[in-house]
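Copied from TrEMBL, the annotated features are:
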DOMAIN    6-121  domain 'Tetrahydrofolate dehydrogenase/cyclohydrolase catalytic'
DOMAIN    140-277  domain 'Tetrahydrofolate dehydrogenase/cyclohydrolase NAD(P)-binding'
BINDING   GLY166, ARG167, SER168  NADP(+) binding site
Amino acid sequence: MSATVLDGTAVSHSLLDATAARAAAFAASSGRTPTLATVLVGDDPASRTYVKMKRSRCAKVGIGSRAVELPASTTTEQLVAAISALSADPTVDGILLQHPVPAHVDERAAFEAIAPGKDVDGVTMHSFAAMAFGEPGFHSCTPGGILRLLDAYDLPLTGRRAVVIGRSPILGKPVGMLLLARDATVTYCHSRTADLAEAVREADVVVAAVGRPELVRGEWVKPGAVVVDAGYNPGNVGDVEHAAAAERAGHITPVPGGVGPMTIAVLLEQTVRAAEAGR
Ligand code: NAP
């Protein structure tokens, strides 16, 4: 068997087109473009590239962006103050604090300075709780993008055994909660899981969200399973041994071109939604 590729680039384009139309409608009715503020602390080249990419995608769909760049020496108090100012600014609709921040900064305190109505990256405790309770709110973008991608291919989740590898607050934990909300039977695996291979062998849906190149071996994949590789490691390598896994899986995401484009598309859609809600 050779798996169907879940084409995140193609699916993201239809979401981006719809977002561009909504951004134009908002601009026509309000007289201003929806605006995303990006906050970058320090000089990490990868973070700088991610922010640049997100701002360029904003421009392509008619979303304005405002770049706030702070030195690596920024204190928690200074960062919280900068984000609080953006939270209070009526011309800013969404706020993205690029993760990670320098080690001496309390990232949680900084995230919590984002007003819930502007948390378009879905990183606050408010957004997490709303998502977990099934209440309206913004999703963490990568988990939200994964669900949108699965839905675009009409992949059933009810009653399926889903194994999520990774339990970070922005990716592993929330994607498990979203799968649970869709009536999947969810197991979380992490660095202390005793037998990862055995857990994966049972899974109808596998989400790899670790950051370890090819940790998930192809031979572990249950024939016909849906494999979502959210990992991104240097050299465009995911967390799944792609070629071998694709021989057994029913559906699989590529790296790149799977989860990554969906993440940005959800960020932009949520920015326009924030602008519409604040009108
Ligand atoms: P993270 O905060 O470092 O979390 C990694 C998780 O993996 C932790 O829960 C950790 O377990 C678990 N883990 C580590 N080693 C393991 C092992 N040997 N077996 C099983 N689990 C293990 O990372 P993250 O921010 O969630 O990101 C994960 C990956 O997704 C990275 O490659 C990142 O680049 C990628 N990512 C992609 C996008 C996108 O848009 N495509 C967005 C965000 C992240 P413990 O909790 O026990 O430490």
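Yeah, the Cβs are placed from backbone N, Cα and C, and that goes for glycine too.
Note that TrEMBL annotation is computational and uncurated.
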Other residues, Cβ within 8 Å of GLY166, ARG167, SER168 Cβ centroid (NADP(+) site): VAL164, ILE165, PRO169, LEU171, GLY172, LYS173, TYR188, HIS190, ALA209, VAL210
Cβ atoms near GLY166 (NADP(+) binding site) (within 10 Å, other residues, all chains): 23
Per-residue pLDDT averaged over the domain 'Tetrahydrofolate dehydrogenase/cyclohydrolase NAD(P)-binding' (140-277), given as an integer: 98
Same-chain residues at least 6 apart in sequence whose Cβ lies under 8 Å from ARG167 (NADP(+) binding site): LYS173, GLY176, TYR188, HIS190
